[in-house]
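Beneath this line is the structure, given in structure tokens, with notes to follow.
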Amino acid sequence: MTSIFGTLKRILPNTEDWWSTLIGLGTFAFCFVISFSSKSDYTTAPIWSNNPGTFFTDSYYWVSIPIAFVVLLFGTYVPLKFMEKRFDLKGFVFIFLLTILCIIIGNQKTFHAVGVGAPVWSIGIGFMFSNIVFRGYHVYVNLRRREGYQTIQDDRTLDEMENSASLKLKETKSIWTEDCIPRWLKCVLLDEYFIKVSLVLLAMDLLKVKDVFVPSIIVSSDTIFLFLFLFVVGWKIWVIDRDTAMVAAAAVSICGSSAANAIGSTIGASKSAISFPIAIMAIWTVPCIVLMPIMYTKWLEDALHWTSREGGAWIGGTIDTTGAVVASAATIDDDAKQAAAIVKMLQNCLIGPICLIVLIGNIYLNREKESDISGKKVLQILWNRFPKFVLGFISVCLILLALPSSDWKTQIINTSLLGSSWFETMGFVCIGLNINITEICNNLSVMKLLVFYLLAQAFDMFTTGLLTNYAF
């Protein structure tokens with residue numbers, strides 16, 4: 001068994017980027033098989049109103065929970081084992097239970113209607129645990145320890161007191177990290193990895209974009225230019241650090257957290273450079289979901305004589321996340337929802353090309369040392385830094401394109417999207433758990449980033465509206 005493990009370790013590319021691709025493709029193959037063998041509708045989470053128990057009784061969605069547990073457990077344990085990193089089952093189970101909780105809350109009728117779904121709850125609940133529950137418990141333990149020191153008997157020497165305090169401090173440090181997260185949990189907070197896998201599984205049937213293909217391409221055509229423009233404005237004019245400006249520009253102009261993580265991993269951005277824009281995006285998405293359909297029905301429909309398709313395309317090109325786009329456009333009608341989804345899918349397709357552009361630009365902006373560039377071929381640097389999960393995403397799209405249209409193909413897509421949503425929600429929970437409110441409050445640049453994000457979103461809303469008015 002050991003020799004087999006060693007052989008596989010030598011053969012397989014042993015990086016997180018490659019593992020996200022391999023696990024994503026393996027999960028898609030699994031979705032392929034179970035779609036062929038099952039006809040039950042286990043891919044759609046039921047909407048519940050007053051009794052959360054109906055979430056488990058009104059559909060077969062509950063069947064996906066134990067399957068998702070096994071797939072996610074395998075997809076977490078195996079890469080960490082091969083990369084010789086720590087895995088803690090207790091931490092994994094904790095994140096998985098939070099994921100289920102967020103999915104249930106996000107499918108409550110009222111929350112679902114206004115678009116406050118599982119992604120928003122995942123970041124919010126993860127944030128609450130890391131900054132209120134864990135940090136509060138940490139403060140409570142320290143206060144109790146101080147009270148204990150004050151009641152120490154007078155006959156104990158100062159050395160004994162110091163030794164006791166030192167031992168307790170070492171014990172505390174062995175359990176908790178510096179940002180007040182238990183070590184058994186910190187080792188499995190793989191937010192980037194989970195979201196990379198979810199991107200591989202973001203199954204897209206390219207044949208479905210035929211009806212509004214040309215107008216949607218026009219609406220999506222400003223994506224690359226808008227990304228570059230917002231990046232330059234944020235970096236050079238707003239004086240935000242380069243990585244954060246690039247990640248924020250990707251989140252606004254392309255497709256939210258998916259693009260933010262893709263660009264962040266491409267340039268090797270820090271955790272904070274990725275998590276801060278995503279957290280701001282999650283907060284700002286909620287009012288956009290509610291306000292944009294109202295803006296369409298109250299003003300744009302009559303003033304610009306827009307149809308619901310134009311309203312949907314405008315929403316699809318403006319709101320950042322795919323789920324929020326669908327939730328918002330669905331409040332208008334089905335045509336709006338279809339147009340919004342297609343525009344957003346086309347923007348999703350641009351993740352790969354934009355990552356490549358960013359990667360080339362990143363090399364020639366002297367991010368690498370001159371000695372490193374001279375010692376390597378540019379193509380080799382491109383390959384080493386290129387996000388491999390994009391190859392997985394393209395592979396899945398090509399496989400689906402080759403399949404004939406049928407109910408089975410639809411079931412494959414729905415099952416793959418279900419797997420994507422599980423990995424994505426796990427990733428969002430990890431993002432929430434990784435957000436350190438103390439660091440944010442002490443970092444004035446975050447407030448600057450918030451203002452920049454809001455202005456960038458308003459500019460995106462305006463330019464997308466102009467293109468929508470022209471295209472349709």
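Using the three backbone atoms N, Cα and C, a Cβ is placed for every residue, glycine included.
Quick look at what TrEMBL annotates:
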TRANSMEM  18-39  transmembrane segment
TRANSMEM  59-80  transmembrane segment
TRANSMEM  87-106  transmembrane segment
TRANSMEM  118-137  transmembrane segment
TRANSMEM  212-238  transmembrane segment
TRANSMEM  244-264  transmembrane segment
TRANSMEM  276-296  transmembrane segment
TRANSMEM  345-365  transmembrane segment
TRANSMEM  386-405  transmembrane segment
TRANSMEM  417-437  transmembrane segment
TRANSMEM  449-471  transmembrane segment
How about the transmembrane segment (118-137) and the transmembrane segment (212-238): at least 3 CB pairs under 8 Å, pairs 6 or more apart in sequence, or not?
no
Would you mind listing the long-range same-chain contacts of the transmembrane segment (18-39), meaning Cβ under 8 Å and 6+ residues beyond its ends?
12, 67, 71, 75, 78-79, 82-83, 193, 196-201, 203, 388-389, 391-393, 395-396, 399, 408, 411-412, 414-416, 418-419, 423
Using a Cβ distance cut-off of under 8 Å, indicate which of 59-80, 212-238, 244-264, 386-405 has the most pairs with the transmembrane segment (449-471).
212-238
Using a Cβ cut-off under 8 Å, which residues of the same chain at least 6 positions beyond either end of the transmembrane segment (417-437) come close to it?
27-28, 30-31, 42-43, 64, 68, 71-72, 75, 95-96, 98-99, 102-103, 118-119, 122-131, 135, 179, 181, 185, 189-195, 197-203, 257, 261, 271, 275, 278-279, 282
Test of understanding: applying the rule of at least three C-beta pairs under 8 Å (pairs 6 or more apart in sequence), is the transmembrane segment (345-365) touching the transmembrane segment (212-238)?
yes
